[in-house]
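One structure is given here, and the rest of the page talks about it.
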């Protein structure tokens, strides 16, 4: 791998941090709002203008994850199938460009979240759900017939473009990744099995986390209505937030090295704290023993 020049890498890392940190904070804020909505019996008590924004950020975290998981699979496949060409042409700026493209592409597709609430608003401004709640009392759940006519085909398109195609690409890359690794006998068996396990685990996470919710898009398009189990399927996608870090940990030696250094630093700090605590405890014990001896000596002298 080429040595990274400071003039190139530093701006790339700064841009990554500036874009990534606020986006993750916003995603965390959205998850908190979703939790608050559930605690309020799914009644949206915040200003309704925040509902589309909350839904947009929530779904962005889902579909950008599919793109980034696909990018990891492509990168690993190219590294094994074309190691020399891949190492010569690998640049941090390509990763930044791909990330920006993923965000823009997802933004354009998911902007439907901002459009749907205004469809058919004139004809039925006070529409209610089967439970009797008005459209503004629930967030992005109660849709009119006019809204479903637009939304259901868009959901199908999201399923195909943002899930099926990335999943097929990831499957192709990881299947060939495993096939090539199985033939490379010069690689340590333990490392080879770990890489194969990571590839299979990523595909399982991809399918289990994002599959059920996207299947609901297909079912909804066929039945011409939103399935009642969509909320349960959406719960699976939230597990991706805690599973992705493990995938990136096992797929990057740099991440493993950084985590290892952090763990070693924490262990060292804890050992120092424990030794300081034990030293202070022993000092207190010595001081107490000395004071007891002086007290007994003073009592003896007084008698």
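From the backbone N, Cα and C atoms, a Cβ is placed for every residue, glycine too.
Keep in mind the model is a prediction, meaning the values are calculated, not measured.
TrEMBL lists 12-31 (among others) with the feature transmembrane segment.
Taken from TrEMBL, the feature domain 'G-protein coupled receptors family 1 profile' covers 44-248.
The feature transmembrane segment is assigned by TrEMBL to 46-72 (among others).
Taken from TrEMBL, the feature transmembrane segment applies to 93-119 (among others).
Annotation source TrEMBL lists transmembrane segment at 160-181 (among others). Proximity of distant same-chain residues to the transmembrane segment (160-181), defined by a Cβ-Cβ separation under 8 Å and at least 6 residues beyond the stretch ends, is recorded for 63, 66-67, 69-70, 73-74, 76-77, 80-81, 106, 109, 187, 192, 195-196, 199-200, 202-203, 206-207, 210-211, 214.
Summarising the annotation, TrEMBL assigns transmembrane segment to 193-213 (among others). Panel annotation: around the transmembrane segment (193-213), residues 62, 65-66, 69, 72-73, 76, 163, 167, 170-171, 174, 177-178, 181-182, 230, 232-234, 236-237, 239-240, 243-244, 246-247, 250-251 of the same chain, lying at least six beyond its termini, place a Cβ under 8 Å from a Cβ of the stretch.
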